[in-house]
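Per TrEMBL, the features are as follows:
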TRANSMEM  A:21-45  transmembrane segment
TRANSMEM  A:51-72  transmembrane segment
TRANSMEM  A:79-96  transmembrane segment
TRANSMEM  A:102-125  transmembrane segment
TRANSMEM  A:132-153  transmembrane segment
TRANSMEM  A:189-207  transmembrane segment
TRANSMEM  A:238-255  transmembrane segment
TRANSMEM  A:275-305  transmembrane segment
TRANSMEM  A:312-333  transmembrane segment
């Protein structure tokens, strides 16, 4: 009899969803509900064209969010990503102005971002300054450097090739319209969205399949235990901050390329959107918890909210209120679920 | 219980170890040794310096003074990795588990099994964990749950499994039975006997006098950072050891082997 019950229980347990799966499904459901609501509110929302716009708009926050997720899983925070984004973008612009070809210039931009992250990691681990303060300092310094280098003026006339990354599209199909004018059949998938997918896949691979990823989780879960188990905790954290910086640099280049000019004032408060994306996606600021899939969904929830509210003609002030509300509700639901 | 011969090289030889934090002396000129196949019980009040001494041996803390030799060779233990490379494994009182990770991830933390491409070999780690955990606790089934959701006993079993799975030569057990029920405690005692027979040296930090007298070959007592006495277990009674723990000295008129003399 006892054995029978044990069998029954085991079978029941196999049907129960794991915590991660439950969270994923509820988040995807949220996205779908949002899409339905906004489609009803505004017919233009559900067009292919707008879907591609959302993809484009979400790419930058998505990349920042992925970097932040790495740092948040280690139990840290990176407030500098918005400023690093601006610095990397402007450095790229200035380097192009100085005569460097576009592609190497973009690599330099990513390297500048990585360097900022490396400094963050160094200050956090070796100087033992709390991540909040360390990255707050970097946030001010990176912004200051970007403004100082450019004299606070946008760097423009960077040439056509600079805009390809941000404005180009894959599989764009243009047919012939009724009066012999070109008409867009399929607007094409924006390059930034493809880049986001590639970044998401490679970072998810790092987190799930590589020892470094496991160590990132272990460090955030119990730093002392990880150290005693032989994990190089400092090195792991430095890797997380450096990747966050590099992704902020990449996001900066994508954003500036989309705008066609490098602007030192871009990206203010982006770090908060990125943190919100990670947190909506289930990452815990206490460390040890978070997934790339969740963060991407979180980024899309924010992106769809912004876009849909815009299409519905809601003022940007009201949008702030709604998004702030969503962040709190998402975290609250997450906590309720964990307390069960 | 076989007494190791005095002229054999000790597995571990710690000489004149000192550790101070600012003005506070935690470990004061302590020497200790451990032979293969021997269990040495380490007793003392909270704050007597026994955990500190063990942390030094496990590489989690570096001493200010003193020399540590393993198999007669002088070593420097700068990190837990150095200690592990020498076969020194530790079961911490706090267990030192990463709560959000599952049992296999914790068991192999810091020395993950990998596929030829350098990816994590989760399948093999799960299989190996299943075997070693099953040996210690046949009811251990929920291996893929985060360890935060496991019982105290199961968590303890993971900590023990992690120490003995790899090529352990010197084992430090800090209160290994504190979180365990009677049957699991018996299992740990059995395990200690088995490891001992395999020639592994064990430092057993414990408050349980009963455990110490059951399992140990020698007992070492620390008081206020000093080593106040190392004795073969046959030479002392529980009262003698208590006197060492509390007063830092043996009762007056003590002679070795008093126990036999009384009987």
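A Cβ is built for glycine as well, from the same backbone N, Cα and C atoms used for every other residue.
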Quick check for me: are there 3+ Cβ pairs below 8 Å between the transmembrane segment (A:238-255) and the transmembrane segment (A:132-153), leaving out pairs under 6 residues apart?
no
Cβ contacts the transmembrane segment (A:189-207)/the transmembrane segment (A:132-153), at least three under 8 Å, sequence gap 6 or more:
no
Cβ under 8 Å to the transmembrane segment (A:275-305), counting only same-chain residues 6 or more beyond its ends: which ones?
20, 23-24, 27-28, 30-31, 34-35, 38, 54, 57-58, 61-62, 64-66, 68-69, 72-77, 196, 200, 203-204, 207, 217-222, 319, 322-323, 326-327, 330-331, 334
Cβ pairs under 8 Å only, please: of the recorded stretches A:21-45, A:51-72, A:132-153, which one is richest in them relative to the transmembrane segment (A:79-96)?
A:132-153
Short question: which residues 6 or more past the ends of the transmembrane segment (A:21-45) have a Cβ under 8 Å from it?
280-282, 291, 293-294, 297-298, 300-301, 304-305, 307-308, 311-312, 333-334, 337
